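Peer 1: Dropping a structure here in structure tokens format, bear with me for questions.
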Protein chains: 2
Amino acid sequence: MSASPSSDASGAGRPLKVALLGCGVVGTEVARLLVRDAAELAHRVGAPLELAGIAVRRIDRERDAELPADLFTTDAKGLVSRGDIDVVIEVIGGIEPARELILTALENGASVVTANKALLAEDAATLYEAAEKVDRDLAFEAAVAGAIPIVRPLRESLAGDAVERVLGIVNGTTNFVLDAMTTTGSGFTEALDEAQRLGYAEADPTADIEGFDAASKAAIIAGLAFHTRVSIGDVHREGITEVSAADVRSASEMGCVVKLLAICERIDTPDGPAVSARVHPAMIPDTHPLASVREAYNAVFVESESAGQLMFYGPGAGGAPTASAVLGDVVSVARNRVRGVVGPGESTHAQLEVLDIGRARTRYHVAIDVDDRAGVLATVAQAFAEFGVSIKTVRQEGHGDDAQLVIVTHEAEDAALSATVAALRELDMVRDVSSAMRVEGMS
Amino acid sequence: MSASPSSDASGAGRPLKVALLGCGVVGTEVARLLVRDAAELAHRVGAPLELAGIAVRRIDRERDAELPADLFTTDAKGLVSRGDIDVVIEVIGGIEPARELILTALENGASVVTANKALLAEDAATLYEAAEKVDRDLAFEAAVAGAIPIVRPLRESLAGDAVERVLGIVNGTTNFVLDAMTTTGSGFTEALDEAQRLGYAEADPTADIEGFDAASKAAIIAGLAFHTRVSIGDVHREGITEVSAADVRSASEMGCVVKLLAICERIDTPDGPAVSARVHPAMIPDTHPLASVREAYNAVFVESESAGQLMFYGPGAGGAPTASAVLGDVVSVARNRVRGVVGPGESTHAQLEVLDIGRARTRYHVAIDVDDRAGVLATVAQAFAEFGVSIKTVRQEGHGDDAQLVIVTHEAEDAALSATVAALRELDMVRDVSSAMRVEGMS
């Protein structure tokens, strides 16, 4: 473990050695800025940052000409085991070898900055414990919503408040696709094709469109907001592949837009407060601040007891924005190294129960194609009543063969709402439940 | 100076003594939460927070029944001089006695949390220096935009990035008044009356409507964003008292709204980078994220080199939101006390020149009532050309006695633009310059 370096205000302390793991889009940008902005960063840290090595999988790939060739190595394990590295930046992603490298880096006395949402959502506890054991920092602002400061606000700015609910648009690909469907009226497949053509969706878009990426971020947010350990297995997850042009139209008719939301909330149960974390498409009113988040932008909307409603908005991905978040963390943990201190660690003292989606309180929008004959409305209304679900608004449209009932419920347990929808599908006079989607952000 | 207290993860370290200076709306809320949430805050800090005293001006006022009467004292100086206080919270406001009390608190070894924008904008340097001398924290998230985390994001999250520009709606009263004018078409006086009636403006609204409050916040933001000492004297300030219903209508006709903006930006000059900080009403396009900030809400829009465009939105004032920001800082500095460390101090290494408003690059919207006769447009256009100002759009409306020219310029030095307006007023065929306002956020 390296000794605590000394410093002075002019940035002239002993240089801190920085190792970079991964040199893709984000890594290249981080390395480039570490070199280009070295003088300015030294002032901000109180000591120069010296890029000591860059671990890559393939040494023969063409690299940014500004980066010294002799920094590159394929021996990531060797780099983090050197023992003289002060800060390790991990932008490889995925579970292994990232986890092993981070743990090795910490064991060797480095502070760690990571953008790895999948690993944090899978196993943050192991990383936190390893960092605490050696009195080093584990920072991960870039893991949630790219350049948007949300980890630090939750960990520090709101540390004196009680967060009640977080609604996040935390995946740019799905927001781009849903925004395109809203703007053009196109279907999901067409909008996804367009997103891929423009580079907003990957060739294999599964992690984004099935909600895995957003679910990782939901786990991280819920853990920070509620001082409770939450992992991706605790997060209910539905992607956007089933969202249809009809859903988007139906949303529009009631003054809403469809967004993929990561929702983390505190729920008061008879047994005391608990936590729910879920990712699914939802309709939100046009007037909600999240409704105007367009294209691939991200935004996180926080409701807390004292602060009220806050929103954080910005680019949620991309090389430069993610590099901004990574370098903000690098400056913070490097400053801490200079002073021989560490920032806040894991906070899980609340240990709240994480509830199943069935116990979350939601409201549904349901569009039902029905036979237009006497007694239909009564029968449908009865189905809702049987599950204790109260109807907020009902609209009947069309006639003859085309009759449709559009119903918005009051808040109820999600289990009761989904059971109602299942029961509706079984009714003789119901031809089809053409749209069933949760509604959020409605007062 | 008190010794560094020990701690464990359960919040069972030696209690930290907290002194509160001021018990108005914000102070009462802070005190109430410190008492009510004592157990939770102890977990977050790593040690209990013990409210040790509350300094007030008048001891006989009725107080919150939850607050022990024996905590109150009129001897603020005595309270901060006791020598056993770990954290002092200053919510008195104003320059003196706040400054003297904060300095005394620091000299006696306390960390300080303050919401005092006026003092920070006037004399942050003295406070920072005093804090650094004794190795204590000076935190002031609540001084800018109430509950919205903006101080910490600028100081820490964006510490690895280069901020280029900050546009802020940082005064709730003026935003409420301008929003009312926009919504109802009313004039300034009528909208201000309404704001006062609803409690959004004080009986003496000068500090808000003349832009002093926003200018203080601009000074604080500019200092943090550009690592340069900026005080309120460096900030160009215009209030909203001259904004007319005609200005608002004229803005609306070009797809804009009028907002009071605090604008802090880096300007590249032939002599290198410099800083400009200014507060004035401006037209911004309806499509700009700041345009949808309604009523008394605040928002801060940040443009930085790597992160791109970020926005932070929320309630900018009020007892509970401000208490949230204060308590977030209290938890941070108390955590630091438990560990015997301090957070980041003043960062002024860049020492950029702060430019006069005349050297800022702006664009103007000008509405001119003219005689409708041959050669008017040529003469007016010539006036712009003489000052090197390039016209972006021109619209001529009405005829006969009512002819009006509405001109939007390209970007130019503010001095050239204001000189142009002055010259226009001198033209024979110009009856009146009925609206002249800067336009921001237009690409």
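For all residues, glycine too, the Cβ spot is worked out from N, Cα and C.
Sequence annotations record features per position, and here TrEMBL assigns active site, proton donor to A:Lys217. Summarising the annotation, TrEMBL assigns NADP(+) binding site to A:Leu21, A:Gly22, A:Cys23, A:Gly24, A:Val25, A:Val26, A:Gly27, A:Thr28. Marked as NADPH binding site by TrEMBL: A:Lys117. Taken from TrEMBL, the feature L-homoserine binding site applies to A:Glu202. What TrEMBL lists as domain 'ACT' is A:365-438.
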Peer 1: Name the residues of the same chain, 6+ apart in sequence, whose Cβ is under 8 Å from the Cβ of A:Val25 (NADP(+) binding site)?
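Peer 2: Spatial neighbours, sequence-distant, of A:Val25 (NADP(+) binding site): A:Gly318, A:Gly319.
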Peer 1: Hey, how far is A:Gly24 (NADP(+) binding site) from A:Lys217 (active site, proton donor), Cα to Cα, in Å?
Peer 2: 21
Peer 1: Apart from A:Leu21, A:Gly22, A:Cys23, A:Gly24, A:Val25, A:Val26, A:Gly27, A:Thr28, which residues in this chain have a Cβ no more than 8 Å from the mean position of the Cβ atoms of those residues at the NADP(+) site?
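Peer 2: So the extra residues in range turn out to be A:Leu20, A:Glu29, A:Val30, A:Ala31, A:Val91, A:Ile92.
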Peer 1: With DSSP as the yardstick, break the domain 'ACT' (A:365-438) down into helix, strand and coil residue counts.
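Peer 2: With helix first, then strand, then coil, the domain 'ACT' (A:365-438) has 27 helix, 30 strand, 17 coil.
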Peer 1: Have a look at the recorded positions (A:Lys117, A:Lys217) and report the one with the fewest Cβ neighbours inside 10 Å.
Peer 2: A:Lys117
Peer 1: Between the Cα atoms of A:Gly27 (NADP(+) binding site) and A:Lys117 (NADPH binding site), find the distance and write it as a whole number of Å.
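Peer 2: Each residue's Cα considered, A:Gly27 (NADP(+) binding site) and A:Lys117 (NADPH binding site) end up 16 Å apart.
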Peer 1: Near A:Cys23 (NADP(+) binding site), which residues of its own chain have a C-beta under 8 A away, given they sit six or more steps off in sequence?
Peer 2: A:Ala31, A:Ile54, A:Ala55, A:Val56, A:Arg63, A:Phe72
Peer 1: CA-CA, which of the recorded positions A:Lys117, A:Glu202, A:Lys217 lies nearest A:Gly22 (NADP(+) binding site)?
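Peer 2: For A:Gly22 (NADP(+) binding site), the spatially nearest of the recorded positions is A:Lys117.
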Peer 1: List the residues of the same chain that sit at least 6 positions away from the residue listed as 'L-homoserine binding site' in sequence and have their Cβ under 8 Å from its Cβ, in sequence order, or write 'none'.
Peer 2: A:Thr173, A:Gln196, A:Asp208
Peer 1: Identify, among the binding-site residues A:Gly22, A:Gly24, A:Gly27, the residue whose Cβ has the fewest other Cβ atoms within 10 Å in this structure.
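Peer 2: Least crowded of the binding-site residues A:Gly22, A:Gly24, A:Gly27, by Cβ count within 10 Å, is A:Gly24.
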Peer 1: What is the interatomic distance between the Cα atoms of A:Leu21 (NADP(+) binding site) and A:Lys117 (NADPH binding site), given in whole Å?
Peer 2: 15
Peer 1: Return the residues near A:Val26 (NADP(+) binding site) by Cβ distance under 8 Å, restricted to its own chain and a separation of at least 6 in sequence.
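Peer 2: Spatial neighbours, sequence-distant, of A:Val26 (NADP(+) binding site): A:Val91, A:Ala115, A:Ala142, A:Gly319, A:Thr322, A:Ala323, A:Val326.
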Peer 1: Compute the C-alpha separation of A:Thr28 (NADP(+) binding site) from the residue listed as 'active site, proton donor', stating it in Å without decimals.
Peer 2: 23
Peer 1: Can you check what DSSP calls A:Cys23 (NADP(+) binding site), collapsed to helix, strand or coil?
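Peer 2: Its secondary structure by DSSP: coil.
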Peer 1: So, three-state DSSP: helix, strand or coil for A:Lys117 (NADPH binding site)?
Peer 2: helix
Peer 1: With DSSP assignments reduced to helix, strand and coil, which class does the residue listed as 'L-homoserine binding site' get?
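Peer 2: Assignment for the residue listed as 'L-homoserine binding site' reads coil.
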Peer 1: Between the Cα atoms of A:Lys217 (active site, proton donor) and the residue listed as 'NADPH binding site', find the distance and write it as a whole number of Å.
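Peer 2: Given the Cα positions, A:Lys217 (active site, proton donor) is 6 Å from the residue listed as 'NADPH binding site'.
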Peer 1: Please report the number of other Cβ atoms within 10 Å of the Cβ of A:Thr28 (NADP(+) binding site).
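Peer 2: Cβ-Cβ neighbours of A:Thr28 (NADP(+) binding site) within 10 Å number 20.
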